[in-house]
Amino acid sequence: MNLRRKNRLWVVCAVLAGLALTTALVLYALRANIDLFYTPGEILYGKRETQQLPAVGQRLRVGGMVMPGSVRRDPDSLKVNFSLYDAEGSVTVSYEGILPDLFREGQGVVVQGTLEKGNHVLAHEVLAKHDENYTPPEVEKAMQENHRRPQRADKDTSS
């Protein structure tokens, strides 16, 4: 091997090592912001593809429906406990804070938090889902008022 090829080999190796180091540092920095999405059934039985269960203490997002009759509010604080369910099972959730206006039983929600023992999620954030047809009540009222039928022009209103 001549000197020119050796220099090229060293440059290529240095560039590859630099890329590997950069990738490792980026992944290390982002690990605190990576939250995997699970459904209640996937927490209980694992992801469909890998059958891998989330670890206790893992940060995650859980999406499901609020089980009717499961919402329990602490009268002395903002603590709320409820169950999320899907077709495969349910998990319990604890949250302390103000819930979104759209939060109610039977409604779809996404909670972000950490998995505790016993399939319990300690939520740090609760997001209520709504469908694409949602209209705020104020807008609905305004639309109803604006779309009233006009009075007939041939009707005599003076008598």
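Each residue, glycine too, has its Cβ placed from N, Cα and C.
Feature annotations, courtesy of Swiss-Prot:
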type: BINDING; residues: His130, Tyr134; note: heme binding site
type: REGION; residues: 129-159; note: region 'Disordered'
type: TOPO_DOM; residues: 1-8; note: topological domain 'Cytoplasmic'
type: TOPO_DOM; residues: 30-159; note: topological domain 'Periplasmic'
type: TRANSMEM; residues: 9-29; note: transmembrane segment
Mean of the pLDDT scores, which run from 0 to 100, over the topological domain 'Cytoplasmic' (1-8):
86
Just to be sure I understand, if DSSP states are collapsed into helix, strand and coil, how many residues of the topological domain 'Cytoplasmic' (1-8) fall in each?
6 helix, 0 strand, 2 coil
I need to check the long-range neighbours of the transmembrane segment (9-29): which residues 6 or more away from its ends have a CB within less than 8 Å of a CB in the stretch?
1
Let's check the environment of His130 (heme binding site): how many other CB atoms sit within 10 Å of its CB?
12
